[in-house]
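Presented below is the structure to which this report refers.
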Amino acid sequence: MKSLPVHRALLRPCLASASRRTFTSSTAHNNQLKSNAVEEKSKLGPGTEGPHIKDLPPKAPVTLNVADHNIKGDWVLFHPVYTEEELRSVEVLHREAKTLSDKIAYNFVRLARWAFDIASGYKHKPLPPDANNKTLDDLRRDGYLMDEAQWLKRILFLESIAAVPGMVAAALRHLRSLRLMRRDCGWIHTLLEEAENERMHLMTFMTLKNPSPLFRAMVIAAQGVFYNAFFLCYIVSPSTCHRFVGHLEEEAVITYTRCIKEIEAGHLPLWTNLPAPEIAKDYWRLPEDAKFLDVVYAVRSDESTHRFVNHTLASLDYKNDVNPFALREPDMTTKGKVVGFEREDSAKYIEETHKVLEEVARKEEN
């Protein structure tokens, strides 16, 4: 297979004849790195590998009835834990459409955004010049601001849909790997991580409100349409679908950035000093005195990660290129300020990862 030299790093892990260390052959070293990291973090107390200690049920006879147990902490896949600097390094970014495929993806996002705004009742008009002379109730009544219930409705609807693309893409790549009887080059796990991360967002915000039957019916209907539509589109053009998700995550970053500004401006007083849910403190390893605002910052950082990853995957050859994030991800100071890697950038990043793993291997041998 011919390939430009700059892209050789993208293809090397998928070639069985490669003579030097590849992503595939370096997995054992990376697994050890992750194991060490988990072991080190576990010294601080229960964390992402099991239930939060405060969520454990009292001792009782063993039963399989979920209703008898307050089960939380069911996440098992990798997810970033952010520093204070990283949480505030996220910027609102937009990748300009460069190809016909990109333009199709972006226009579909604009259409989806329009429909989603109507379904969730979202509104965000610029404040009037005399806003300082109006009360919070006046601004809400005139449609300039949303209250906490309206924000929560939008967030719950957003997160119930956002967890679909990663799962669909992972399932289709899984089936493709089985069908072709060849390695997947690291895409499946990253996509599953994205799906679980979005699901944990929903589980976190669900602690604030139990949606009504009507709202749940709307979610079921939306999922039914979106899941099947995304499934069919991914079969036709995976790259377009990843670009679509990248643009969708751009909108998510905008939404959460606005939510953060509203909380900090005092426009959502019920959330100003609201303590962070236990599930959120455990999942993102937030301090014990963390507030709900800290949770929104963490969720926005996650959405920035998905924006970066999907725009990067959309720029790759989905049939042959390795996922550059299979073993390592950039920190948030990169993912929050860069919309995504182009194919050349991914090749360079993979080379850097090889060097990191080789350095770790040398240290282990010594």
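Cβ atoms here come from the backbone N, Cα and C positions, even for glycine.
Note on H201 (Fe cation 1 binding site): other Cβ atoms within 10 Å of its Cβ, all shown chains, come to 26. Here TrEMBL flags E159, E198, H201, E303 as Fe cation 1 binding site.
Positions annotated as Fe cation 2 binding site by TrEMBL: E198, E249, E303, H306. Residue density at E198 (Fe cation 1 binding site): 25 other Cβ atoms are found within 10 A of its Cβ, drawing on all protein chains shown.
Residues annotated as region 'Disordered' in TrEMBL: 21-57.
The Fe cation 1 site is set by E159, E198, H201, E303; from the centre of their CB atoms, other residues of the chain with a CB within 8 Å are L158, A162, A163, N197, R199, M200, L202, A252, V299, D302, H306. Rounded to the nearest whole angstrom, the C-alpha distance between H201 (Fe cation 1 binding site) and H306 (Fe cation 2 binding site) is 13.
Fewest other C-beta atoms within 10 Å: among the binding-site residues E159, E249, that description fits E159. For the pair E303 (Fe cation 1 binding site) and E249 (Fe cation 2 binding site), the Cα-Cα distance reads 6 Å.
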